[in-house]
Amino acid sequence: MSAIVDIVGREILDSRGNPTVECDVLLESGVMGRAAVPSGASTGSREAIELRDGDKGRYLGKGVLKAVEHLNTEVSEAVLGLDASEQAFLDKTLIDLDGTDNKARIGANATLAVSMAVARAAAEESGLPLYRYFGGMGGMQLPVPMMNVVNGGAHANNSLDLQELMIIPVGAPSFREAVRWGAETFHALKKILHDKGISTAVGDEGGFAPSVENHEAAIQMILEAIDKAGYTPGTQIALGLDCAASEFYKPGKNGSLVYQLDGEGGLSLSAQQWTDMLAGWVDKYPIISIEDGMAEGDWAGWAHLTEVLGKKVQLVGDDLFVTNTKILQEGIDKGIANSILIKINQIGTLTETFAAIEMAKRAGYTAVISHRSGETEDSTIADIAVGTNAGQIKTGSLSRSDRMAKYNQLLRIEEDLGDVAVYPGRAAFYNLR
């Protein structure tokens, strides 16, 4: 038995300089596991609650001392003596202790910190790398990275409404080569921007945040960068979009909700018109994935988008599903989207995270493991991606050490797996077969 003998929670800073929760879990054997939780900028309304202090005189109200106090008192009392290898029981203990549907009392940032730290300690105790602890002998598939090279929306201060424009190296023979292709394209794009006199400052997730004429201008610059890096758009490197459409779904002039695209000259579009615009881009450019193409509350819009594009491109629900099996099941039943974004802090425990991944796979939906815009050096999501054979990961651009921590961990895992490592490439998009 790997009994938990001590838990220490603390407040640290994330990649945006905002407080977040870190947790150390000590086992009877002397083994320790440490984990830190991420935080999002654009968040779904039904995400598990991230507990913040609200004291405007300290970290602008974003302190997490309350969550840390919960960790060091009642959470510690509840889990001391439990077997760290019994992850599901431990996570149920945390859920029951909180007693709310959305972890509003203790905070998902507190429960997740413990959940991840316990898993790390148990893996260390068992002598297994974390990805192997999660996936057993079956975890050998590296994820295809969706690399956010242009930031907009809530992740940048520019003219773009869409939050992320991504490159996806579907034609690479290995994860190592996929990272190289992405890095070379990133640097080619940087030179293109520099030569045009456009800022090469980066956003929260390491992508560039240029002010350009419109979204197509940004897409065309990315395609130019792919070409200048020596790769073929579509065949070797495809494109993905994260619209984060909830962020620009607003009341129009007559009071009805519309998609307000300031980056397209102030267009106000219905769900049908916005779908038509997306469909036009899909026909024109090698786009194979669209995340949050409609607002989280616009289920009718989602149904129309899925009907029009669901067989052509991956339609990922992030704010739509918030890593929640109840909401995902509703989407599956209604034929909404064909993929789910997996963000561990949207739900607050590893057990619930794995349940969402498994439900998606059973329904033929893909599961894309994802970072948040506020990250730390914690690389747990890299191990989750391989351990669950998810096949896809979103962990930012090719800059900022908080993003590189995940890519570098995946490079180590691929090296550790050796000849049995699998890089699925386009086959990771099995929802489009």
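Residue numbers in this text run from 1 along the chain shown.
Cβ coordinates come from backbone N, Cα and C, glycine included.
Residues or ranges marked as active site, proton donor by Swiss-Prot: E205.
Annotation comment: Swiss-Prot describes K343 as active site, proton acceptor, evidence class sequence analysis. According to DSSP, K343 (active site, proton acceptor) is assigned to coil rather than to any helix or strand.
According to Swiss-Prot, the (2R)-2-phosphoglycerate binding site annotation covers Q163, K343, R372, S373, K394, on the basis of sequence analysis.
The Mg(2+) binding site feature in Swiss-Prot is assigned to D242, E291, D318. DSSP classifies E291 (Mg(2+) binding site) as strand under the three-state reduction. With a 10 A radius on its CB, E291 (Mg(2+) binding site) counts 28 other CB atoms from all the protein chains.
DSSP classifies S373 ((2R)-2-phosphoglycerate binding site) as coil under the three-state reduction.
Looking only at the binding-site residues Q163, S373, the densest Cβ neighbourhood within 10 Å occurs at Q163. Summarising the environment of D318 (Mg(2+) binding site), the number of other Cβ atoms within 10 Å of its Cβ, over all protein chains shown, is 30. In this structure the alpha carbons, written CA, of S373 ((2R)-2-phosphoglycerate binding site) and E205 (active site, proton donor) are 6 Å apart. Every protein chain shown contributes to the tally, and the Cβ of E205 (active site, proton donor) ends up with 31 other Cβ atoms within 10 Å. In sequence order, Q163, E164, L241, C243, A244, I290, D292, V316, D319, L341, K394 are the residues of the same chain, not among D242, E291, D318, whose CB sits within 8 A of the CB centroid for the Mg(2+) site. Using CA atoms as reference points, the recorded positions E205, D242, E291, D318, K343 were checked against Q163 ((2R)-2-phosphoglycerate binding site), and the closest is D242.
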